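Enquirer: Below are the features I grabbed from TrEMBL:
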| type | residues | note |
| --- | --- | --- |
| TRANSMEM | A:31-64 | transmembrane segment |
| TRANSMEM | A:76-99 | transmembrane segment |
| TRANSMEM | A:155-182 | transmembrane segment |
| TRANSMEM | A:203-222 | transmembrane segment |
| TRANSMEM | A:242-266 | transmembrane segment |
| TRANSMEM | A:278-305 | transmembrane segment |
Amino acid sequence: MRLALEAAFWLLALASHWLLPEQLPLLGQVWIVALFVLSLDLLVGFAGVLTLGHAAFFGLGAYAAGILAQQGWGEPLSGLLLAALLAALLGLVTAPLVLHGGDLPALMVTLGLSLMLAEAANKLPGITGGADGLLGVEMWPVLGLFRFDLFGRTAFFYALAVLFLLFLLARLITASPFGLALRGIRGNARRMPALGTPVRARLVAVYALSAAYAGVAGALLAQTTQFVSLDALSFQRSAEGLLMLVLGGLGALYGALLGAVAFTLAHHILSEMSPLFWQFWIGVALVGLALAGRGGLLGLGALLLRRGRA
Amino acid sequence: MAEPLLSLQGVSAGHGEAVVLQDISLQVAPGEAVALLGRNGTGKTTLITTVMGAGPRLRAGSIRFAGQDIARLPSERRAALGLGWVPQERNVFRSLTVEENLTAVARPGPWTLARVMELFPRLAERRRNLGSALSGGEQQMLAMGRALMLNPRLVLLDEPLEGLAPVIVQGLLAAIRRMVREDGLAAVIVEQHARLVLPITDRAVILDRGRIVHAGGSDALLAAPEVAERHLGLNHV
């Protein structure tokens, strides 16, 4: 049953290319946002580390891949790799600051770091393009074969393929003893050292891993839109990522994907219907889900399935 | 006695400014099982958590394990050296399945998932169930199995039988007996009821008000119940 549902999810994602041919650019964005929310799930959902500044890694990845291409190396996969490495490095360097205190200090430090990075990008127009954004990003064909096109076809498949591969990797990691220990840390961090788990080292590792995932998501955005703006580093991106994760369900990987798909599509549809009032309906959905049960959309789906069987 | 695996010399420890343990000296040899007895509040759990480095402040004395001074080592390093701990609260991971609870902390060695499942067949039956869905006895088995998955050389069991039904107690005692008697694992077993653990241990140590008031062979203590009565009271013999 579970395997069938998983297969259905990915087949539907693939089939959306033919079901919604007019919406390919939007769908490409959905896969990128889903990867960003997946990165948050690794950190927040599995390890229980709170953050309000994850856009710092997304933005760093976006600028890294964008600047690399702008400077003449438009090979997409090496752009992703550079973004992942730089974001992971920033994660490794900043993790001790973030993990120094409890939840509230973590929120403040992550928020502060992302604000600093956004302001630095704003004040360095010679490198980042500042408020005008990074222009002149020219990408080479993916694998030397698939040229990025105006209709968003290559972007759709490229983003979906990267999301799928990194999702599989995340699943392997979360099912490994490392991933299980993270869930143990989230449940009872105080007792984990006596079970042989170096809590700080595990949290630093997952922080860097999550940063790398967010960096790849940012790089995908830069490569598929061939543009990077300060919006990539915005607080709103961090906050919406968390919102999507809670909406979809924490600590289950698919919750991150569902939340990203539901939020982005709802945003698109509701903002067309009611450009000034769409967030109200998102709020209604969040309150409704919270009252309906734990676990967001994924939890609600599981509940309905159980009731259907009973 | 052979070269001790665990050796405490003149240990004083407590919480904050309060001193709970005073001048504790205790040795455990490889493969030896020691019963740590005493009434409520006499410092048994503080002694265990001091050895694990899991809370109490060591004020004086030395703690050596496997020939190494561990007094300043963090808990995870002590666990890596071969100290296993089953806390009184069990602390199973409620959101993980039985199997995931065990594999989350596994270290290479003779104790594998299959061997733990063989020791606790009930866990094998419940391997796909979440920790939150287990009974008290099953949680205790899981906590013990999880400690074994670290492949410890010495396991510290803090009141493993507390609050469990008699039939479960008998099953757990049989498992502990097998661990220490057949598998040669060294153990310190904290217990309030002496008669339960004396038959499966080599030596017994009685704590009272943070000091060791009796130390000797478990057989001798079984043969002289008046000694246990004097230190533990009738209800705990």
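Going from the start of the chain as shown, residues are counted 1 onward.
Cβ atoms are placed via backbone N, Cα and C, with glycine included.
Situate these features within the shown structure.
Expert: Here the transmembrane segment (A:76-99) has Cβ contacts under 8 Å with residues 49, 51, 56-57, 60-62, 64-65, 68-69, 106, 109-110, 113, 139-140, 142-143, 158, 162, 200, 203-204, 207-216, 218-220, 222-223 of the same chain, all six or more residues outside its ends.
Among residues of the same chain six or more beyond the transmembrane segment (A:155-182), those with a C-beta under 8 A of the stretch's C-beta atoms are 10, 13-14, 17, 24-25, 27-28, 31-32, 34-35, 38, 41-42, 46-47, 76, 80, 142, 146, 148-149, 192, 197, 202-203, 205-206, 209, 213, 216, 220, 223-224, 253, 257.
Same-chain residues lying 6 or more positions outside the transmembrane segment (A:203-222) and placing a CB less than 8 Å from one of its CB atoms are 29, 31-33, 35-36, 38-40, 42-43, 46-47, 49, 54-55, 57-66, 69, 79-80, 82-92, 94-96, 98-99, 134, 137, 158-159, 162, 166, 170, 173, 178, 182, 185, 228, 232.
Listed as Cβ neighbours of the transmembrane segment (A:278-305) (distance under 8 Å, sequence separation of 6 or more from its ends, same chain) are residues 243, 245-250, 252, 254-255, 258-259, 262-263, 266-267, 270-271.
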Enquirer: Six or more residues beyond either end and a Cβ under 8 Å away: which residues meet both conditions relative to the transmembrane segment (A:31-64)?
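Expert: Contacts of the transmembrane segment (A:31-64) (Cβ under 8 Å, skipping residues fewer than 6 from its ends): 13, 79, 82-84, 86-87, 90-91, 98-99, 103, 106-107, 109-115, 117-118, 121, 127-128, 134, 156, 159-160, 162-163, 166-167, 170, 173-174, 179, 182-183, 185-186, 189, 202-203, 206-207, 209-222, 224, 228, 230, 232-235, 237-239, 241-242, 244-245, 248, 250-253, 255-257, 259-261, 263-264.
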